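Contents: one structure, followed by commentary.
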Amino acid sequence: MESPTLLGLLLLLLGGPGTSLGEHRPDYDKEALLGGQDEVEEFSKLSPEEQQKRLKVIISRIDVDLDGFLTEAELSSWIQHSFKSYIIEDAKQQFQHYDKDGDGRVSWEEYNIQMYDRVIDFEEDTTLDDAEEESFRQLHLKDKKRFQKANKDGDSHLDFEEFAAFEHPEEADYMKEFVIQESLEEHDKDGDGFVSLQEFLGDYRRDPAAKEDPEWIVVEEDRFKNDYDKDKDGKLSPKELLTWVMPNNEGLAQEEAVHLLDEMDLDGDRRLSANEILENQDLFLNSEATDYGRQLHDKSFYHEEL
């Protein structure tokens with residue numbers, strides 16, 4: 001089961017429900033953008049001089065060739081770095097919660113206690129009569145299978161690297177086949193090894209009284225046909241499924257870099273100077289380039305000696 005923090009981040013990166021992959025997400029309030037109420041309060045207490053000082057250090061770290069400008073490639077690379085840093089930090093925080101005995105490993109029992117306050121064990125081949133209980137049993141078994149797959153060395157415990165793969169399988173190459181299979185089990189209703197457009201849309205059926213599909217269906221169909229179905233055969237193969245269930249962080253980062261250039265490049269040279277960024281400080285802070293402002297509170301990003 002993916003952690004809420006990861007789900008939130010992925011929704012931000014993907015633009016949220018009902019948003020096209022190529023469409024930039026709408027504005028979010030300061031609390032969401034800066035990572036929480038504590039971060040908002042801390043940032044509001046900084047003087048304008050301190051805000052700009054921290055921001056300038058981050059700008060200098062993005063500027064790999066030290067020419068005083070940020071290119072699309074430099075912005076994209078930094079955003080990917082920002083994303084990975086967030087994932088590692090999130091996994092570390094989660095790991096501390098799950099590792100109840102502090103031995104540096106997480107057992108299946110510890111995972112259950114943290115998630116459900118008790119150890120749960122369902123029979124894999126038993127179907128429960130109660131629909132809600134059966135739905136929960138299925139989710140629990142999916143968690144168990146993911147835990148077992150992440151347990152690369154088979155010792156029944158997850159070390160930190162394995163736990164990170166369990167929490168964020170999209171970041172672990174050895175989890176790809178499992179994620180594809182998991183997706184097929186969920187969406188491939190006819191068992192043909194592919195996901196059709198109807199299976200992709202799930203249980204949606206147009207209201208007989210409606211003259212046209214709702215906007216979100218139009219958007220999802222467009223994503224299916226133009227972003228995921230590369231060979232245009234009307235269905236998603238296991239390889240094509242990866243672009244849906246395991247989005248390419250490189251592509252997402254490039255989209256954000258292009259967006260920043262489109263919005264902030266005042267002289268049209270397709271690169272950003274420090275002055276252009278400082279003149280659009282709020283936009284830059286509210287982007288993946290600063291992890292929605294979190295980097296201004298993380299010394300590993302803005303401390304000049306690092």
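Please read every residue number as a count from 1 along the shown chain.
Placed from the backbone N, Cα and C atoms, the Cβ positions cover glycine too.
Look at Swiss-Prot and you will find ASP99, ASP101, ASP103, ARG105, GLU110 tagged as Ca(2+) 1 binding site, backed by sequence analysis. Reduced to three states, the DSSP call for ASP101 (Ca(2+) 1 binding site) is coil.
On its own chain, ASP231 (Ca(2+) 3 binding site) has SER237, GLU240 as residues at least 6 apart in sequence with a Cβ closer than 8 Å to its own Cβ. Residues annotated as Ca(2+) 3 binding site in Swiss-Prot, with sequence analysis given as evidence: ASP229, ASP231, ASP233, LYS235, GLU240.
In the predicted model, residues of the domain 'EF-hand 1' (50-85) average a pLDDT of 87. Under the heading domain 'EF-hand 1', Swiss-Prot lists 50-85, citing sequence analysis as support.
For 86-121, the entry in Swiss-Prot reads domain 'EF-hand 2'.
The annotation domain 'EF-hand 3' is assigned in Swiss-Prot to 144-173 on the grounds of sequence analysis.
Here Swiss-Prot flags 175-210 as domain 'EF-hand 4', drawing on sequence analysis. Long-range contacts of the domain 'EF-hand 4' (175-210) within the same chain: residues 142, 145-146, 149-150, 165, 169, 217, 220-221, 224-225, 234-238, 241-242, 244-246, each at least 6 residues beyond the stretch ends and with a Cβ under 8 Å from a Cβ of the stretch.
Residue counts for the domain 'EF-hand 6' (252-287) by DSSP state, with H, G and I taken as helix and E and B as strand, are 24 helix, 2 strand, 10 coil. The domain 'EF-hand 6' annotation in Swiss-Prot covers 252-287.
The feature signal peptide is assigned by Swiss-Prot to 1-22, with sequence analysis given as support.
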Q: Mind checking which residues of the chain, 6+ beyond the ends of the domain 'EF-hand 3' (144-173), have their Cβ under 8 Å from one of its Cβ atoms?
A: 2-3, 6, 84, 87-88, 90-92, 94-95, 98, 104-108, 111, 179, 182, 245-247
Q) What is the three-state DSSP composition of the domain 'EF-hand 3' (144-173), stated as helix, strand and coil residue counts? A) 19 helix, 2 strand, 9 coil
